[in-house]
């Protein structure tokens, strides 16, 4: 095994850990922030949402930045920005500085996510690219679990939220110093005509000693860079170099990630568990009440590991199709339970309570009120079916859409324009995420929770059709061959 290549990919993927940590930690830190600053519901919403706004802004402006200075240098600069944002949050003594810190952190993690996927895809070989790029998604799930553990440690400490935010600067500093030691990707070096550095990078990353093999690898890289070299950001949807086909695939995948309901199913997991009947009224059920956070995090992590190990064997299309089919079946099961539950209870109402804000983001615990006792009339078998369906949905998403979407985005665009193309795709991802999250409560009011699950199931089936008709198989193919076929 190529230990240097694997370690390089792991170092780049640390950005995913920062991403998952900062999404996960806000739900634990927010009650303390609310009490410390006497925030209104709207102000709490702003603290949560500014990270997503920063991420969307980074996606809109960061693509050209990555293409100009390279993915490695982008990761290094983003680590510096993230450290500044984390320290600003930890030391904030006013509401305004909290918002600035959240925006900076959101900007850094979003741009880093694009940079690291590009960097890992360009240093990988066709045979291990799927596994190495999926390390990013694995790091995100680890970040969620770390956020939960850190939250437990500091939840009852005075100003514990400051430690929660400040500690995220530690892995960012580790990534900063680690990436300084690593080479630029060979694609970027060839693009900038730094041929000697590119040759040295290929030798180190691929562990090649035969000069002919090195020259052959550099030839493949030069050919992959020819496509898209003369294209601007405005021509991303043109037919030249297969860009239109690539953008259609990218938009379909990132919209499928969000329109299948993943942000809200995870976001309202606590409410769904309460509706199922797992409420914290005795020692046993009190443990069950924490299961949405811990259990779903463990399930996400396990499913991502399975995807990481199998995606280069099964292929991208099969992984996506299998995961989407399980997601659709799970959503149908959840809709059945929700309709049965609705027969005997009408307790779900959007509200902004003293403890939690109204939700406009996929980061925060559910603001829906619920009467746990209302689920007592539900057949226990149906109750555990809903529990199993929720876990299966999360596992299927983490096995398929979660890691494979970002893997494909890092593969299907020409190297010369990849940063801009991925940035545009990512901005669509964030925008749809915001819309889906912001309209969930009103959609539940209009259609009921069961109706929303049915809608997600229908959109998941449409995603399956799209994957079957439009998404290519990129397993064991060089980036040049993928670009040429598209």
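Don't overthink the numbers, they just go from 1 along the chain as shown.
Each residue, glycine too, has its Cβ placed from N, Cα and C.
Those TrEMBL annotations? Automatic predictions, nothing curated.
What TrEMBL lists as domain 'Major facilitator superfamily (MFS) profile' is 8-475. Across all of the domain 'Major facilitator superfamily (MFS) profile' (8-475), the predicted model scores a mean pLDDT of 79.
Non-local neighbours of the transmembrane segment (47-66) in the same chain are 22-23, 26, 30, 33, 39, 74, 98-99, 102-111, 114-115, 118, 233, 357, 360-361, 363-364, 418-424, 426-427, 429-431, 433-434; each lies 6+ residues outside the stretch with a CB under 8 Å from one of its CB atoms. For 47-66 (among others), the entry in TrEMBL reads transmembrane segment.
Under the heading transmembrane segment, TrEMBL lists 73-91 (among others).
Taken from TrEMBL, the feature transmembrane segment applies to 97-120 (among others).
Feature annotation from TrEMBL assigns transmembrane segment to 132-155 (among others).
Residues or ranges marked as transmembrane segment in TrEMBL: 320-340 (among others). Proximity of distant same-chain residues to the transmembrane segment (320-340), defined by a Cβ-Cβ separation under 8 Å and at least 6 residues beyond the stretch ends, is recorded for 256, 260-261, 265, 272, 275-276, 314, 378, 382-383, 385-386, 388-390, 392-393, 395-397, 399-401, 404, 448-451, 453-454, 456-457, 460-461, 463-464, 467-468, 471.
Annotation source TrEMBL lists transmembrane segment at 384-409 (among others).
Feature annotation from TrEMBL assigns transmembrane segment to 421-441 (among others).
The transmembrane segment annotation in TrEMBL covers 447-471 (among others). Same-chain neighbours of the transmembrane segment (447-471): 248-249, 252-253, 256, 259-261, 264-265, 275, 316-317, 320-321, 324-325, 327-328, 331-332, 334-339, 341-342, 348, 408, 440, counting only residues six or more beyond its ends whose CB sits under 8 Å from a CB of the stretch.
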Chain residues in Cβ proximity to the transmembrane segment (97-120) (below 8 Å; excluding those fewer than six residues from its ends, i.e. six or more beyond): 9, 12-13, 15-16, 18-19, 22, 33, 37, 46-48, 50-59, 62-63, 65-66, 71-72, 74-75, 78-79, 81-82, 84-86, 88-89, 129, 132-133, 135-136, 165, 168, 185, 406-407, 409-410, 418-419, 422-423, 426, 430
Recorded stretch, among 73-91, 384-409, 421-441, maximising Cβ pairs under 8 Å relative to the transmembrane segment (132-155): 384-409
Tertiary contacts of the transmembrane segment (384-409), as residues 6+ beyond its ends and Cβ separation under 8 Å: 113, 117, 121, 129-130, 133-134, 136-138, 140-141, 249-250, 253-254, 256-257, 260, 262, 265-266, 269, 272-273, 275-276, 278, 295-296, 299-304, 306-308, 311, 316, 319-324, 326-327, 329-331, 333-334, 337, 422, 425-426, 471, 474
